[in-house]
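Visitor: Features from Swiss-Prot:
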{"type": "BINDING", "residues": "Ser24, Lys196, Thr197, Lys198, Pro199, Thr200, Gln201, Lys232", "note": "UTP binding site"}
{"type": "BINDING", "residues": "Ser24, Asp157, Ile158, Glu159, Lys196, Thr197, Lys198, Pro199, Thr200, Gln201, Lys232", "note": "CTP binding site"}
{"type": "BINDING", "residues": "Gly25, Leu26, Gly27, Lys28, Gly29, Ile30, Asp82", "note": "ATP binding site"}
{"type": "BINDING", "residues": "Tyr65, Gly362, Leu390, Gly391, Phe392, Gln393, Glu413, Arg470", "note": "L-glutamine binding site"}
{"type": "ACT_SITE", "residues": "Cys389", "note": "active site, nucleophile"}
{"type": "ACT_SITE", "residues": "His513", "note": "active site"}
{"type": "ACT_SITE", "residues": "Glu515", "note": "active site"}
Amino acid sequence: MPTETEYDPSLGSKFVFVTGGVMSGLGKGITAASLGRLLSNAGFDVTAVKIDPYLNVDAGTMNPYQHGEVYVLDDGGEVDLDLGNYERFLDEDMTSDHNVTTGKVYQDVIERERSGDYLGKTVQIIPHVTDDIKRRVREAAEGSDVCLVEVGGTVGDIEGMPFLEALRQFSHEQDDEDILFTHVTLVPYSKNGEQKTKPTQHSVKELRSIGLQPDILVGRCEDRLDPDVREKIALFCDVPMDAVFSNPDVEDIYHVPLTVEEEGLDQYVMEQFDMVEDALPAAQRSTEWRDLVTRERTGEVDIALVGKYALEDAYMSIHEALKHASLEAGVEVNVLWVDSEKMHDHHERRIADADGIVVAGGFGSRGTAGKIDAIQHAREHDVPFLGLCLGFQLAVVEYARNVLGMTGAHSAEIDEDTEYPVIDLLPEQYDLEDLGGTMRLGAHETAIEPGTLAHDLYGATSCTERHRHRYEVNPEYIDDLTADGLTFSGEAGNRMEIVEHDDHPFFFGTQFHPEYRSRPTRASPPFVGLLDAVLERADVAPAGSDADVEVTN
C-alpha cells in the first residue's frame, strides 16, 4: 500500500502491464489491443501506452527495414507502429504521450538536471529515470478506466531494465487490486508434436529475477494449449490455472479479439479488477466487431501495392486500410507486392494483372522510376489508382511529363536540377537542419471542392487527415497542370492536397496519409472508393474460386 508521500492510486486507472518472453514479435501488442477492445465493448474507457526501450526520441528517423512503418498521430507524433494497432482496435486517437521511449526519458531527465531541477542531487537511473517513466505512464492513463501498458522487447533485454524496474516500483505504489502483470510467451511445438513449456518457465524465471511475478500468462502457440500443458505452466510458474490463457494462430489479426473472448481473458481481468458489476451486460455489448470480421465475402480482387521497402510492416497501415475497405465492401483483397526497383522483372506482370494500383509514400530517389511507370500504366489503361504522399507527387510528375510534354519534370527532392520542378520543398523547410520531427506532421484540415470525386468520397466540403512530408506541388505550375483534365480537388490554404483526373474511372492521389485514420469499423474513404471502382470495372471472381492468382503479402 502507498504511504502518504507516495502516489495516490485513487487518481489513476486500473493498469494492465504486458511483457513478452522468449522472443520478440510474438504479438503481445495485438493481444493487449484485443483485450482492450473487449473491455471497451464492456463499456469501459480504455487507453494504451507503448514503451519502446530504444535511445531514439521517437520513430521518425528510423529505417523502415529495421522498425517497420513510422506511424503518425493527430498531434504529429511519429511513433511505433503498435500505436496504430491500438488506435485501430480501440477506435481511439492516441497522442505522442502514449509512446514512451528511452530517448524521451533521458532527454527530459538531462534537461531537468541542466536547469537545476534536481537541486544538486546525483542524478541516477533510480530514482530519477524510473520516476520519470512512472510519471509518463500515469499521465497517459489520466481519464481512462483501464490503461494497457506494453513493454517493447523481451524480458532480459538490457535496454528494458529501467522500465521493468519502474514497473516493479509501480506495483508497490499502487493498490494490489488496481494492477495486473500479463506475460505473453511462446509455447512452441517440438518435432514430435508436443507443446513445450520450458521456454515459458525460463522466461517467467527471468521476470521473477527482476522482482515481477506475472498474474496472467498468455501462451502464443499454433493451436490452443492442451489442458495438461496449461496445468504444467500454472504449476511451474506459480499462477492459478484459470490465469493461463491460449492465444493461438488465426488467419487474421482481427479475429484475435474473438479468440481472447472465447478464452475468457477479458472476463478474468474484470473479475480481478472487481469491475464485473460495472460492465455492460453481455447482451448489451456491441457486436459490430464480430459482425464485421465474420461477414461473408462475395468476391476477391487483386490490388498491386507499389513501394521500395520489401517488408510488409513498412506499409502496415496501407495493408490494414485495404483490409478495412474490404470488410465494408464484402470482398477479399489479395495484395500483390510490387518492388518499384524491379518493375521490369516479373513485378511488371503483377501491375498488368492487378485490378487496382496503390503507390505508397516514401523518401529519396530509389524506386521512383518504377512508381512513375506504375502510375502511367494506371492512367493509360483506366486502372483504378490511389497515390499516397510521394505517390500523389509522382502522379503529378507523370502527368507533367507524359501528358503536358514537360520532359524531365520531377520533384526537386529527386532531381535538384530539373527544368520543371513541379514538386518543390515546402517554404518553411529551407532553413531547417535537424531531420527529426521537422516535417509537416499530424492532422490538418483540407478544403474539398464540391462536385468532385473527393467530395463524393468524403461526403463533405472538408476532411481532416494526417500528414508527413517536406515537399509539395509547386504553386508556379498549378495553372499548367490543371489545363487539361487534372484537378486539384482538395487544398489547405495554398497547398494542393488532393489530385484527381476528370477522364479516368478512379485516379485519386492525396498528399496526406488517409491510411493512418482508417479503422475496421470506419474504413478510409479513398480506400473504399478504390475498391468500389475496382468492383465496378472488373468481373470479380467468387470467393474461394480456383482462379490462378499469384499473391504476395
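Quick reminder: no glycine exception, Cβ is built from N, Cα and C everywhere.
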Visitor: Same-chain residues six or more away whose CB lies under 8 A from the CB of the residue listed as 'active site, nucleophile'?
Guide: Ala360, Gly361, Gly362, Arg468, His469, Thr510, Gln511, Phe512, His513
Visitor: List the residues in the vicinity of the ATP site, defined as same-chain residues other than Gly25, Leu26, Gly27, Lys28, Gly29, Ile30, Asp82 with C-beta within 8 angstroms of the site's C-beta centre.
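Guide: Close Cβ neighbours, site residues excluded: Gly20, Thr31, Ala32, Glu150, Val184.
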Visitor: Nearest to Lys196 (UTP binding site) by Cα, among Leu26, Lys28, Ile30, Arg470, Glu515 (recorded positions)?
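Guide: So, of the listed recorded positions, the one sitting closest to Lys196 (UTP binding site) is Leu26.
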Visitor: If one looks at the chain holding Pro199 (UTP binding site), which residues at least 6 apart in sequence have a CB under 8 angstroms from its CB?
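Guide: Expected: Gly21, Val22, Thr185, Leu186, Val187, Pro188.
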Visitor: Just to be sure I understand the packing, how many Cβ atoms besides its own are within 10 Å of the Cβ of Gly27 (ATP binding site)?
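Guide: So the number of other Cβ atoms within 10 Å of Gly27 (ATP binding site) is 18.
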Visitor: What does DSSP call Lys232 (UTP binding site) in the simple three-state scheme?
Guide: helix
Visitor: Give the number of CB atoms, excluding that of His513 (active site) itself, located within 10 Å of its CB.
Guide: 25
Visitor: Comparing the binding-site residues Leu26, Ile30, Ile158, Leu390, which residue's C-beta has the most other C-beta atoms within 10 angstroms in this structure?
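Guide: Most Cβ neighbours within 10 Å: Leu390.
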Visitor: If you measure from the Cα of Lys28 (ATP binding site), which of the binding-site residues Lys198, Thr200, Gln201, Phe392 is the nearest?
Guide: Thr200
Visitor: In sequence order, what residues of the same chain, 6+ apart, have a Cβ less than 8 Å from the Cβ of Ser24 (UTP binding site)?
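Guide: Result: Gly153, Thr154.
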Visitor: Using other CB atoms within 10 angstroms as the count, which residue among the binding-site residues Gly25, Gly29, Gly362, Gly391 scores least?
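Guide: Lowest Cβ count within 10 Å among the binding-site residues (Gly25, Gly29, Gly362, Gly391) is Gly25.
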